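Now, the feature entries from Swiss-Prot:
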- 23-43: compositional bias 'Polar residues' (COMPBIAS)
- 69-356: domain 'Protein kinase' (DOMAIN)
- Gly2: N-myristoyl glycine (LIPID)
- Thr58: phosphothreonine (MOD_RES)
- Tyr152: phosphotyrosine (MOD_RES)
- Ser208: phosphoserine (MOD_RES)
- Ser238: phosphoserine (MOD_RES)
- Thr239: phosphothreonine (MOD_RES)
- Thr244: phosphothreonine (MOD_RES)
- Tyr252: phosphotyrosine (MOD_RES)
- 15-45: region 'Disordered' (REGION)
Amino acid sequence: MGICLSAQIKAVSPGASPKYMSSEANDSLGSKSSSVSIRTNPRTEGEILQSPNLKSFTFAELKAATRNFRPDSVLGEGGFGSVFKGWIDEQTLTASKPGTGVVIAVKKLNQDGWQGHQEWLAEVNYLGQFSHPNLVKLIGYCLEDEHRLLVYEFMPRGSLENHLFRRGSYFQPLSWTLRLKVALGAAKGLAFLHNAETSVIYRDFKTSNILLDSEYNAKLSDFGLAKDGPTGDKSHVSTRIMGTYGYAAPEYLATGHLTTKSDVYSYGVVLLEVLSGRRAVDKNRPPGEQKLVEWARPLLANKRKLFRVIDNRLQDQYSMEEACKVATLALRCLTFEIKLRPNMNEVVSHLEHIQTLNEAGGRNIDMVQRRMRRRSDSVAINQKPNAGFARQTAVGVIATAYPRPSDSPLFV
């Protein structure tokens with residue numbers, strides 16, 4: 001589905017990753033892939049797993065909540081259909097006046113779209129059974145005649161994709177600290193799915209499916225392609241190849257064999273996008289740089305070349321120790337040897353350690369800047385400061401824009 005449950009963005013994204021062999025919809029920004037017809041056999045409420053956490057809405061209720069699905073309520077569009085902004089009462093979950101109650105995002109299935117009832121049903125059943133801080137909350141659904149709708153919590157910050165790749169005043173580039181926070185949150189969501197009583201393979205982990213709340217907490221959305229993992233003595237699930245080009249694990253593409261380690265590979269691609277600010281596939285780049293993993297893989301293992309991969313908008317925000325650890329983790333996730341890939345619990349542990357380093361670095365920055373402010377009181381007013389300096393901290397060399405006296409021997 002891949003539609004942002006967030007602020008209205010309709011511009012087409014250049015160079016976005018295409019879909020392949022998939023009834024999965026395009027991302028919220030409308031680039032198109034081949035059509036898959038919707039199945040027409042009868043559908044009933046009996047297909048939906050019982051969940052006390054979900055409300056069954058009538059079509060009339062959602063029509064009222066979205067002001068009759070008015071065009072100016074559209075948040076995004078994709079293969080599933082359109083997403084509309086609406087309002088409901090927090091207690092009764094009935095439609096409320098615009099600007100009052102709880103803001104919701106309503107996905108309305110387009111019967112001529114690329115996704116159908118099975119994807120809709122998977123979304124209802126998985127999100128209806130699961131509750132986790134890093135999974136988007138499904139409030140309810142509507143299954144009435146030909147109508148298929150999903151009702152979610154509203155995610156005001158939009159998708160990670162938009163924050164990494166959009167340009168303009170609406171989306172500001174994410175800071176290094178926020179990127180680590182989002183990467184960790186998404187990893188926790190994926191780990192939760194893999195650790196379920198019957199593991200769940202997400203199968204379409206990508207930046208457009210990672211949504212951000214007002215505090216930049218990451219939440220996984222779009223479970224239309226999710227599958228139960230192998231059970232008993234089975235090592236994998238065999239399935240038709242579906243997903244998004246540039247994110248799928250090579251062994252899955254070659255054999256159709258799906259495991260939780262397939263998700264780990266996809267996570268590695270996203271982590272590389274977070275580190276580099278580049279898309280997994282970008283046809284607008286030079287031929288040798290269009291496929292991010294192929295281009296970056298040899299650079300990630302070389303500390304002297306790693307700077308070529310790191311997003312230049314992150315200049316002076318990170319230590320080399322942090323960057324190297326993120327690069328090493330991405331490489332491990334992207335290895336061709338399935339058994340050598342970490343599981344998502346290990347990924348979470350590594351990222352928590354990196355986040356601790358980042359927080360320690362931030363404290364050191366504050367301490368050094370306080371010291372420098374005290375020293376600056378004794379510096380002659382006519383001394384001209386330079387643009388910045390580098391300092392050694394417990395987590396490595398970190399650059400800062402704090403000015404330094406040009407002729408002071410303390411900074412040689």
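Placed from the backbone N, Cα and C atoms, the Cβ positions cover glycine too.
Structural mapping of features recorded in Swiss-Prot.
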residue: Thr58; record: phosphothreonine; DSSP class: coil
residue: Tyr152; record: phosphotyrosine; DSSP class: strand
residue: Ser208; record: phosphoserine; DSSP class: helix
residue: Ser238; record: phosphoserine; DSSP class: strand
residue: Thr244; record: phosphothreonine; DSSP class: strand
residue: Tyr252; record: phosphotyrosine; DSSP class: helix
Cβ neighbour count (within 10 Å, all chains shown) around Thr58 (phosphothreonine): 11
Modified residues (Thr239, Thr244), the one with most neighbouring Cβ atoms at 10 Å: Thr244
Residue from Thr58, Tyr152, Ser208, Tyr252 whose C-alpha is spatially nearest that of Thr239 (phosphothreonine), among the modified residues: Tyr252
Least Cβ-crowded entry, counting other Cβ within 10 Å, from the modified residues listed as Ser208, Ser238: Ser238
C-alpha spacing of Ser238 (phosphoserine) relative to Thr58 (phosphothreonine), in angstrom: 37
Tyr252 (phosphotyrosine) as reference: those modified residues from Tyr152, Ser208, Ser238, Thr244 with C-alpha within 10 Å of it: Ser238
CB contacts for Tyr152 (phosphotyrosine) [other CB atoms within 10 A, all chains]: 22
Euclidean distance between Cα atoms of Ser208 (phosphoserine) and Ser238 (phosphoserine), Å: 25
Whole-number Å value for how far Ser208 (phosphoserine) lies from Thr244 (phosphothreonine) (Cα to Cα): 11
Alpha-carbon distance [Ser208 (phosphoserine); Tyr152 (phosphotyrosine)] in Å: 16
